[in-house]
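This report refers to the structure that appears directly beneath it.
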Amino acid sequence: NYINHYAFSPFIYLFIYLFIYLFIFNLMIGGVAVREAPDSMFYTLPANGSNISAVLDVEARDAKRVQVAIVLTTMVGIIQIALGLLRFGFVAIYLTEPLVRGFTTAASVHVVISQLKYLLGVKTQRFSGPLSAIYSVKAVFSDITSANITTLILGLACIVFLYGVKDINERFKKKLPVPIPGEIIVVIVSTGVSYGLSLSEGHKVDVVGKIPTGLLPPAAPEFSLLPNLVTDSFAVAIVGFSMGISLAKIFALKHGYSVDGNQELIALGLCNFVSSFFKTFAITCSMSRSLVQESTGGKTQIAGLLASLVVLLVVVAIGFVFQPLPQTALAAIIMVNLLGMFKQFRDIPTLWKTSKIELAIWFVAFVASVLLGLDYGLLVAIAFAILTVIYRTQSPKSAILGHVPGTGMYCDLEEYEEAVEYEGIKIFHSNSSIYFANCDLYVNALKKKTGVNPEHLQAALKARKKQKEKVNYNHASPSKICKQGVTSEIVSNNHLMEEQRNCQSGEVHSVSDSEQSVFLKPPGDVTSIILDWTPVNFIDTVGAKAIKQVMKEYAAVDVQVVIAGCSSKYYDDSTREVLNFFMNTDLVFPTVHDAVLHCQHSHPAAAPGIQMTREETIPSP
């Protein structure tokens, strides 16, 4: 938190935080460069043909890697501009907070692992791709016996000092006029010690080394490298945009303005594309430097212009000052500043109590990013977040609603004791939209919750008719029944009640076809079912056809199905497919209350004693 209190110029924080959060993004670019230009491609034999082993041509290797990074940057810029023009910024809505926090925690793990070899002074191969984190840790600890003791001592001293300064700043932040700039002290002191004691030459301590000065003339990238970089370009473009839009949302929420994801994409794309001709690599935001700039009052592009001028000054004039800076000191700065990121592991118990699905998103984003790498990990996390949305729509909560006496409210009967159900009316509520992926689940839940399954009723009707036909066939004479008639038969979901007859002696007559028809009555005298569509956001044609079919099935067993709370937008669009079958009947009502009144007037005997009128008012709170 103390970073927000800094009031230093851009010149100071430029060198300190350049290596921290941007390392997350730069790690991906560096991995691509190492893969396309590995050391094995640049070993050359001495020209004199002696038995000396092959020598690594460092300059040729670095030049090749620079070209790879430049071409990658060009392609990233083109992709981001194209995605912005195609309105791809909507993907930002899937970058939920659990996903971003799980991803950044995994990125912190990658950064710490990448800094272990610099902290220990171990020379190891650089890995990229899936499982690179595991391979890197294995390589470091396999060669830990060759660690440079001087490098390790210097790195640990920097870590202890920085952690102590952080603790002091946190404890006494209200008393300190400005926080103690521990990172600046480490950079200055370690650079001076390294230069004074010649740590690079005398103790083999790795230092930053030569920093090129001056500006390079613009040049066209080597597009011959492009075919191997297309997939990586998409990953870097999306990851860079994801990081940028995530940080933009933080400041937008803090200062009360909105962020256009498509505009951000086009801006990043233009920066990457144009700058790639000046031999730069892909960019994204820096959380730490953005926080510092925001805390110092920077609000416009002028602040960015001043920082750019400082960068220009360093590149042109004073870069050589930082050549003796030990890499272990930089590793210590990065590791200590990432401690706050690891506090995000505290999200796990909180999410376990509040939302298991969000915990799954956090966990998948973290594990996938650690094991598969940041590029593929982020793509997997976004895909999983989208799948959770589909899962939520396919497992909605459904309920039967009841009326709360004295109000106009309709609540879940299982959750509210005061809610009462109208006799003969079932109000079905499901908190999801109806489309091809869940329409069958919606219909099944409807039949289960209401307890009225028209398929079972139809099967019972056919069985009853077949039984009558068998009885008629077994009798030689025409069937006779009582003059008084046949009482109504009640057919349940699984069986029929026995027909009761009360015949007067000897008085019979022939039964007509209409008299042999069976009258079916649903269980519990259900005459109407109301579909509460208040939470429904959309319904596609497949869902509309499913609702149409279920309305037909219920109509066949004398159960009326009506719709309540349907938005006029969906009534005009997809719902018309449902209503075309019942054009002469009013089936859609603005509220559940209106639908209940309609059902009561259609079947006056359905709910004796608890009839409501349209004029019934809702008591004020």
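Any Cβ shown, glycine's included, is placed from N, Cα and C.
TrEMBL: automatically predicted annotations, no manual curation.
The transmembrane segment annotation in TrEMBL covers 12-34, 68-95, 144-164, 176-197, 234-253, 265-282, 302-322, 329-345, 360-391. The domain 'STAS' annotation in TrEMBL covers 415-599.
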Feature contact check the transmembrane segment (144-164) with the transmembrane segment (329-345), CB under 8 Å, 3 or more pairs: yes
Other parts of the chain folded back onto the transmembrane segment (144-164), taken as Cβ under 8 Å at six or more residues beyond its ends: 118-123, 182-183, 185-186, 190, 193, 199, 203-206, 326, 328-329, 331-333, 335-336, 339
Contact ranking winner - 68-95, 234-253, 360-391 against the transmembrane segment (265-282), Cβ under 8 Å: 68-95
